[in-house]
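Listed features, source TrEMBL:
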| type | residues | note |
| --- | --- | --- |
| COMPBIAS | 8-19 | compositional bias 'Polar residues' |
| COMPBIAS | 20-30 | compositional bias 'Low complexity' |
| REGION | 1-30 | region 'Disordered' |
| TRANSMEM | 44-63 | transmembrane segment |
| TRANSMEM | 70-89 | transmembrane segment |
| TRANSMEM | 129-147 | transmembrane segment |
| TRANSMEM | 159-178 | transmembrane segment |
| TRANSMEM | 184-206 | transmembrane segment |
| TRANSMEM | 258-282 | transmembrane segment |
| TRANSMEM | 352-372 | transmembrane segment |
| TRANSMEM | 384-402 | transmembrane segment |
| TRANSMEM | 414-435 | transmembrane segment |
| TRANSMEM | 441-459 | transmembrane segment |
Amino acid sequence: MADKKQSPNKSTNSQPLADSSSPSQTLPTTAATATSSAAARKKLTLIPLIFLIYFEVAGGPYGEEPAVQAAGPLLAIVGFIVFPFIWSVPEALITAELSTAFPGDGGFVIWADRAFGPFWGSLMGTWKLLSGVINIAAFPVLCIDYIKKIAPPLESGWPRRIAVFSSTLLLALLNYVGLTIVGYVAVVLAFLSLLPFILMTFIAIPKIHPHRWLSFGDKGVKKDWNLYLNTLFWNLNFWDNVSTLAGEVENPQKTFPMALFVSVIFTCVSYLIPLLAVIGAVDVEQSAWGSGFHAQAAGIIAGKWLKILLEIGSCLSGIGLFEAQLSSSAYQILGMAEIGILPKFFASRAKWFNTPWIGIVICTAISLAVSYMNFTDIVASANFIYSLGMLLEFSAFIWLRWKHPGIKRPFQVPLRLPALIVMCLIPSAFLVVLMVFTHKMVLVVSAIMTAAGIVWFGVMKICKNKKILEFNPPLDAIEES
């Protein structure tokens, strides 16, 4: 998904920042894209990148069922058709444009820094990193929840704690071995986790009654719009996460936009087709459509064997989600160090595998800590600060188009500024609505996380000014070199 303007062995750092009216204006990548070691690293190619994006966003139709429970079959189907145009497509287009204009591992941190300065770049990094690593914590727990069905001792107590700890470390080890390996593992995991849905869809075809697709739900059941919108949002979100891998992609100026284009279509189809099959083939009360109902539907449609396969697929999907999101978070830390927001040692790479081992350790440690907490409010707060980050991201995109129209963009959203503003205002309004209806504890925890990010920026600034720690030069300094 990442996109570069030049081949990976050529530096853009020596090019001065041109006047904003210049058609050839470029802005720098992070340091990794300008070093000879970057050229020697194995890069992500199109197919692995598509499936990394897929696991950043979805990982399969697991979790789409509450949309039916909340608003009925018809609105659930309409939601998964319409919502991608409101949210997924704009977010993917912005990611494609900015990742090709700024092809570095910092991703959205670089965008905010270039638009509004290092404070906002640092705060963006705090918001996105915390939301990412907190969400990561849920995936090993999900895997253990499925394994405990055949190993009951893992349900609670020390066996469960040890299982969560060991599985988290084991999954993190795969990230340490290499991003290209993670990419190819994502391809295999996607096939295996989707296979039960493919089988279920074909078996369901003779049993489908199309009139069920037109149902507004059971009579007397009140629509739960909050659940409905949140289900759509969190199943079709996080397209920008892959931007932090921009420095690790081969021929990104072509690969990144194509990978995003294919993954948007693939993800939306993977949600919609199983949903149509299950709604059409299974006649149950609307209240039955809770999380995990697809497994129950598989049992109804084909028998217990498919139910078990689908549960195994859910576990494999959780592994893919963990690996993809840990990769993005770890490379985000590396990218922030490369542009001088974090100390230089945070950009260290493993000697054998050239992976961001410090970022992997930090993200794994935080996710482990969160996994042992009662983290309902923490996860909700992580989602809240992610929404803040997205509002900042939309603002940075518009600002850079307005103030720096001459930046060389290998891929550019084919709209003029007024249309781009409308494109960003629609999902921004949706974010504001979701944030307004959150509860007070989420606001408090989110405020604490944000305050911690502001304090962290201040501490890093002191360390930089007093030369307590060594930092890479900031982007402005790189531009002037």
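A Cβ is built for glycine as well, from the same backbone N, Cα and C atoms used for every other residue.
The shown structure was predicted, so the numbers you read here are calculated from the model rather than taken from an experiment.
The transmembrane segment (384-402) is not in contact with the transmembrane segment (184-206), judged by fewer than 3 CB-CB distances under 8 Å for residue pairs 6 or more apart in sequence. By number of Cβ pairs under 8 Å, the transmembrane segment (184-206) is matched best by 44-63 from the list 44-63, 159-178, 352-372, 441-459. The transmembrane segment (414-435) shares more Cβ pairs under 8 Å with 70-89 than with any other stretch in the list 44-63, 70-89, 129-147, 258-282.
Tallying C-beta pairs under 8 angstroms between the transmembrane segment (352-372) and each of 44-63, 70-89, 129-147, 441-459 places 129-147 first. Packing against the transmembrane segment (441-459) from elsewhere in the chain are residues 118-119, 122-123, 125-127, 130, 377-378, 380-381, 384-385, 388: each is 6 or more residues past its ends and has a CB under 8 Å from a CB in it.
Three or more CB pairs closer than 8 A are found between the transmembrane segment (129-147) and the transmembrane segment (159-178), so contact between the two stretches is assigned (pairs 6 or more residues apart). Only sequence-distant pairs (6 or more apart) were considered; of these, at least three Cβ pairs between the transmembrane segment (44-63) and the transmembrane segment (258-282) are under 8 A, so the stretches are in contact. Counting same-chain residues at least six beyond the ends of the transmembrane segment (70-89), those with a Cβ under 8 angstroms from any Cβ of the stretch are 57, 64, 212-218, 221, 223-225, 227-228, 231-233, 235-237, 239, 264, 267-268, 271-272, 275-276, 279, 286, 426-427, 430. Within the chain, the transmembrane segment (159-178) has long-range Cβ neighbours (under 8 A, six or more residues past its boundaries) at 42, 139-141, 143-144, 147-148, 153, 185, 319, 322-323, 326-327, 330, 350, 353-355, 357, 360, 363-364, 367-368, 371-372. Within the same chain, residues 1, 46, 49-51, 53-54, 57-58, 60-61, 64, 68, 73, 76-77, 80-81, 84, 88-89, 92-93, 95-96, 194, 197, 200-201, 204-205, 207-210, 212-213, 235-236, 239, 293-294, 297, 300-301 sit at least 6 positions outside the transmembrane segment (258-282) and bring their C-beta atoms closer than 8 Å to a C-beta of that stretch.
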